[in-house]
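According to TrEMBL:
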type	residues	note
DOMAIN	87-191	domain 'P-type ATPase C-terminal'
TRANSMEM	119-138	transmembrane segment
TRANSMEM	150-171	transmembrane segment
Amino acid sequence: GLVIDGRTLNIIFQGGLEEKFLELTRHCRSVLCCRSTPLQKSMVVKLLRRHLKVMTLSIGDGANDVSMIQAADVGIGISGQDGMQAVMASDFAISRFKHLKKLLLVHGHWCYSRLAKMVIYFFYKNVCYVNLLFWYQFFCGFSGSTMIDYWQMIFFNLFFTSVPPLLFGVLDKDVSAETLLRLPELYKSGQ
């Protein structure tokens, strides 16, 4: 990890040392900005996203972290003594920093797994429907007539696009939370 303060960031951005800073960050898994301005924090996030093409996660607890949280791919706000501005601007909110591990390892894994399964499900649903209409056009001589009533099509899509996501969202947990916390390397298995 790299810990950098506001004075050093000021020297980097004003002195044109962004390339050297990027070379240093390539060898780090995380960059921690302390005692820096909101503009400097957001500039670091934008610089890393633009040049390194990495996914960024920003965590903040106050109004001075809002621009950094909004500049990142995923923003996490911690509700605390500094107010609720970071929470209101974030994608996810947690009450304490200690909940970050469970948010990333458990809920991140479950969300990724559910989304992957649902994408496959939606392709399957649409392939079935389009395949049915495609073969019906051979039967009717490509006249353009509809095989299915408009209301049946609405109920088909309503049932097959609302019920399975609800069931997957509530019931689908491929690995227990305790196992995911014990074995953090399972987070990478889906990728």
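Even glycines carry a Cβ here, placed using N, Cα and C.
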Point to revise | Secondary structure content, the domain 'P-type ATPase C-terminal' (87-191) (per DSSP, counts of residues) | key: 79 helix, 3 strand, 23 coil
**Study point:** Per-region confidence, the domain 'P-type ATPase C-terminal' (87-191) (mean pLDDT, whole number)
**Key:** 84
